[in-house]
Amino acid sequence: MTTIPKTLFGFSQFPPLLLLLLLLTFARFASGFGSMGPISAAFGGDDSFFCAIDASGKQALICWGKNATRSSFSSSQNPSLDYSDIPPMVALSGGDGFMCGILANTSQAFCWNSNSSITDLVPRIFKTTAYLHIAAGKNHVCAIRGPYYSDNDSGTVDCWDIVRNSNKSLSSKQSTLFYDHNVSTLAFKKVVSGDGFSCGGVRGGGLVCWGPNSASLELSGVSDNFKALASGIGSLCGVSEVSGEVKCWGNADSFLNPPVGTRFVSLAAGAEHFCGIREDDHGVDCWGSFNSSSIPKSSGFFAIGSSEFITCGIREDDLVLDCWFANSSFEPNYNPPLQLCSPGLCTSRSCGEGMFSFNASILNEPDLTSLCVRKDLKICSPCGWNCTRGFFPSSSCTENANRVCMACSLCQNSSCWDVCHLQSSPEKQRKHDHRFYKLVLIIGSSAFGFILIVIGCCVLPTKNKGKKKQFVFCIGTTELEKDTSTDPHLAAPPVLCPAIVEVFRTLRTKGCD
């Protein structure tokens, strides 16, 4: 396991003044919040940290931040970052300085922060309630009621506040700011929370937002269904179930120039940017205030999560974490742990169209038959049908396996020539032969045409003037020979072009010598 250096994401190489300026720059941002998933980030500057569900089959947590990396199944030298008391999780959602999840065994909500000993930040009234979806915002949490593993995919919403005390500790209480009578009667399929607002996809279709800052989103009359939602500090983006494209509302500074015509399967949000996983090759696109050159291009991703300026994802080819800097040209020395992470969320439902059930056997662990704590559960992930640049799909997606990508350097047949922009050896030879034959044809045609011109100009008579035979275009003369015959019936002897006669004379002279 890799331990993060005890610096602010590797900023120890910068002068103190520059570091202070950077921190002040980021401090003016609150945070962005992504959809519930197997990886998420708790934001808030010094209090920020990431967590992901591991791929050991125990659904334990792997957490890392600016000072340390911790696992929920390992001991720690620092009690404030010891996550061994956290039970296995089935899903995660990060807020501002705290993290929430759904417990794998009971479907109950559990929230905690990194600044104090592990304390469950769920009000007593909601502690025993089962939830199927959870969304942490800046200072509040909303969750959809219902057993996580049931066939029912919708329910009513409970919300509670995260209270910041004077000693910087956190506590929780039932929320009045996020209670809305009209909202309390609706059945939601998914929910996401931001800074002073929450939004959810309604079972009958459409998107509804509530909370003290929800009006700033200017969202009304939205009847579409969305398969993924993510919220920024004052903005919201969703992936349409019909078109697969991104639609955004609210503060446009965080979603400048969203992609058009690109289909996505999931989203994550930072302080002033959004990132999404493309449907075709599972590569990542980001928009807003973002350094796009830092995005990894050599691998697709199963899931991504983002803090204010760090984005991390679970790689598709090996389930290893990969992180990159988002909003600055400064590249921190930020290394996530090397443990394998879960590619998705465990579920009891069957995988639908365009999905596949992840097969744990590809990890080559003899005792690992499932990544879920219960053997009747599975992880359903979106199928990919293309590969990132420099790779080609060697097999298509099936019910139990994703498409497999291989490097273009291994391309051996015509199935990958077009994808890799390659040509086969026989095809190259055919093109070479075709060019050669074309060149021979051009030269041969030109030579034949030249011979015809010479014959036409120098051998065939073209005019008769009286008793004189005259040739045109003969080199050096126009009149060749007078007819000395008085017999008009005698045919004139053939006369050669003077140039040709001269050639014969030369040859004859050399022959005599």
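Just so you know, glycine gets a Cβ as well, placed from its N, Cα and C.
Of the cysteines Cys372, Cys397, Cys405, only one is given by TrEMBL as the disulfide partner of Cys387: Cys405. A strand conformation is recorded for Cys405 (disulfide bond) in the three-state DSSP classification. When each of the disulfide-bonded residues Cys387, Cys405 is scored by how many other Cβ atoms sit within 10 Å of its Cβ, Cys405 comes out lowest.
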